[in-house]
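Chemist: Below is the structure I would like to discuss, written out as structure tokens.
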Protein chains: 2
Amino acid sequence: MGAKKKLKRKIKSLKSALRVQHAPAAKVALVSPLAPAAFPDLPVIKGARFASVAAGVRYKGRTDVVLAQLDPGTVVAGTFTRSATRAASVLDAQAKIVGDSAKGAAILVNSGNANAFTGAQGQESVAAICAAVAEKLGLPTERVFTASTGVIGEALPHDRIIAALGDLTTALDQDGLPGAARAIMTTDTFPKGTAKTVEIDGKPVQIAGIAKGSGMIAPDMATMLVYIFTDAKIARPVLHALVTGLTDRSFNCITVDSDTSTSDMLLVAATGQADAPEITEIDSDAGKAFADGLGAVMRDLAHQVVRDGEGATKFIEVAVTGARSDADARKVAFAIANSPLVKTAVAGEDPNWGRIVMAVGKSGAEADRDRLSIRFGPHLVATNGQVAPSYAEDIGASYMKGQELVIGVDLRLGEGAATVWTCDLTNRYIEINADYRS
Amino acid sequence: MGAKKKLKRKIKSLKSALRVQHAPAAKVALVSPLAPAAFPDLPVIKGARFASVAAGVRYKGRTDVVLAQLDPGTVVAGTFTRSATRAASVLDAQAKIVGDSAKGAAILVNSGNANAFTGAQGQESVAAICAAVAEKLGLPTERVFTASTGVIGEALPHDRIIAALGDLTTALDQDGLPGAARAIMTTDTFPKGTAKTVEIDGKPVQIAGIAKGSGMIAPDMATMLVYIFTDAKIARPVLHALVTGLTDRSFNCITVDSDTSTSDMLLVAATGQADAPEITEIDSDAGKAFADGLGAVMRDLAHQVVRDGEGATKFIEVAVTGARSDADARKVAFAIANSPLVKTAVAGEDPNWGRIVMAVGKSGAEADRDRLSIRFGPHLVATNGQVAPSYAEDIGASYMKGQELVIGVDLRLGEGAATVWTCDLTNRYIEINADYRS
């Protein structure tokens, strides 16, 4: 009887040991721990309608094709990956981006297959989809933009997408943007959306955007895609200049793993249907107000991509000041943000500032070891090339337990500054990327 | 009774389940699975003596300081990290490297503390050690080279090193090189040594070298250090030119994690005591024979550093051909070798060639997506921008199970070629680097 009780207790303790060991695997986040609490409310953008359907491109039981229809008068600007192995849809959209806005426009996006590295066949798929959408919506093919995200190197079953066009056009709706955010997801753990209202001459202008991306290039499920819609009235050259400049301070300031997609694309479509007056110059009050709003939307979406970085458990801002130039500051910031040794230290909550010194050193930027200072959030860690007298390891260790971290580096050589955002590098990143296709 | 038996069986099965789960941790290699079978025999280098002792710089119960004494007439050449945050010993050695060989030379290396990012104090430590070694061996201080490897940002207790100089000089021995290979290890899992004999005019010339490094910069235990000794008679400018050129084809062609140390250093010391005639020109027969031998020693040591890459389970050669230039080929090769997505795919034995396309695209080198071909060892995977007709996933999957892999990329644009070496990126890398100091 006593023996039986002992055995039962033994079983209980063994079971509990097993549970503890299973816990990490079982606890693997279905949603990134850095995700926003909820998907935001998105305003209606006059002149834009959206639809998502399940076309079965690759996934089963979920939406995977999005159509956006944009009224005549909509201007479209964009930025595209600089990869030398760009996908066919990227090359196609790049060629069309400067086109005439008189007849409206459409954007069609599928998830599940990236149609990348598919040769001539890939171009034929893009042409077939564009022709079908153009016919269905009465648009010239030059006003149809497509994007594909998913597995690389497999032929896109574009007939499934074309077969879904009837359902898509029927479903077009001004409230369809949140659904579109879900349909373009691949390895993303949460849909990404954000919105901002700005006032121009006392009249509201709405800006709403969605994005996908998880890992700079999500595994073979390639691509970061961003679509932003606004009812602003704005000339295309002005919108283009704004988008280019703001991309450099948002999406070009993030890194998850330093890997670049073959299909990254950002499109901003302005329908011109707001009551606010037209924005004709960047430097005008109207231009600045709109740039503030658009910049906030782009930065928020860029941060959400980092927050969904594969395996991420910490959101890291790297702020570099005092560089000889902004370009030098950027080199230092990215050397830190891309360093596997810095990122694993953060994952381990290790205030290992020696690795930051190392990353500064390897960046290629001008640096003087004996002027350098380093901060963890508000805490001065190192100054004049040595550990700060006020610093103690437990200050850094305690700071590193936070989920939102700021690494500050002051080179004390000039006025150059740059801020970039990244996440930590964890076992989960390896698991996702080593096992993804098997 | 039956119930008790059942309970016992239950305990047995739970225990076994626990064992299985413990196994991966318990099996963590003490020595890299890619290590050579044994440390090689190293020949005596006439004119060079070595000693190692336990000075207690940081570690307990192991040797941690090495002294090499080199006879008058020894010429020394070297290459040094380009990091902007170089350690004091690196700056000191760089300044001295062109010095006069008439009085001989000495090299002193400690492990456990990198004396990096230690400000003026760091320079004082270097000066103190050099002065003490110089006095002990009757050398000018300009002929004493030092290096330190270990934790960054902590003051070097150089008095412990100086206190060990008596024991070190007593222990100097022509057979001391293997012991030195052990004493300079930090996170290395095996000591690294290699040797080669070349013939010049029918007379043997010996070349023997040791190295340390595990991770391009081993965690906070910074540094790759390489010391090569030869009895060749060679003019310093010739040796310098050879070392520079051969470094570009060996140590500058490896990457573990793209991170660069603040303290990397390679020294080659030639005592001139071989019977073979002097090497006066690179392009002579003697120059070529010596370059072949020295190149083989450097390449072998470089490969051993990769084979000891933190967490490495696969040795990967990336061979790029057909680039517009050698520089372009090098960009492509390093973009592949440094890509976390490529390295995790290899770790997972996943023949994910889409990630190689991605890495080619982001490299910045000129590439034409539709001319590109990719090989896994002998297997053609992709050609002309699409999957090869002869390729099937199981061919790649089976190839990836090997421990030594070759990834071949032909850009088909020109004659540029480059080969670099790396290892895979595993959970163990994260564990080592996230938990190292805690």
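A Cβ is built for glycine as well, from the same backbone N, Cα and C atoms used for every other residue.
Checked TrEMBL, it gives:
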ACT_SITE  A:Thr223  active site, nucleophile
BINDING   A:Thr186, A:Lys212, A:Thr223, A:Glu310, A:Asn433, A:Ser438  substrate binding site
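Where in this structure would I find these features, and how exposed are they?
Modeler: Around the Cβ of A:Thr223 (active site, nucleophile), 31 further Cβ atoms fall within 10 Å across all displayed protein chains.
Secondary structure from DSSP puts A:Thr223 (active site, nucleophile) in coil.
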Chemist: Sort A:Thr186 (substrate binding site) into helix, strand or coil using the DSSP assignment.
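Modeler: Coil, per DSSP.
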Chemist: Between the Cα atoms of A:Lys212 (substrate binding site) and A:Thr223 (active site, nucleophile), what distance do you get, rounded to the nearest Å?
Modeler: 8
Chemist: Could you state the CA-to-CA distance between A:Glu310 (substrate binding site) and A:Thr223 (active site, nucleophile) to the nearest Å?
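Modeler: That separation, Cα to Cα, works out to 13 Å.
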Chemist: I'd like the Cβ neighbour count for A:Asn433 (substrate binding site), meaning other Cβ atoms within 10 Å of its Cβ, all protein chains included.
Modeler: 30
Chemist: At a CB cut-off of under 8 A, do any of the recorded positions A:Thr186, A:Lys212, A:Thr223, A:Glu310, A:Asn433 come close to chain B? List them or say none.
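Modeler: Answer, by Cβ distance to chain B: A:Asn433.
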Chemist: For a quick check of packing: other C-beta atoms within 10 Å of the C-beta of A:Thr186 (substrate binding site), how many?
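Modeler: Result for A:Thr186 (substrate binding site): 25 neighbouring Cβ atoms inside 10 Å.
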Chemist: Where A:Asn433 (substrate binding site) and A:Thr223 (active site, nucleophile) are concerned, what is their Cα separation in Å, rounded?
Modeler: 15
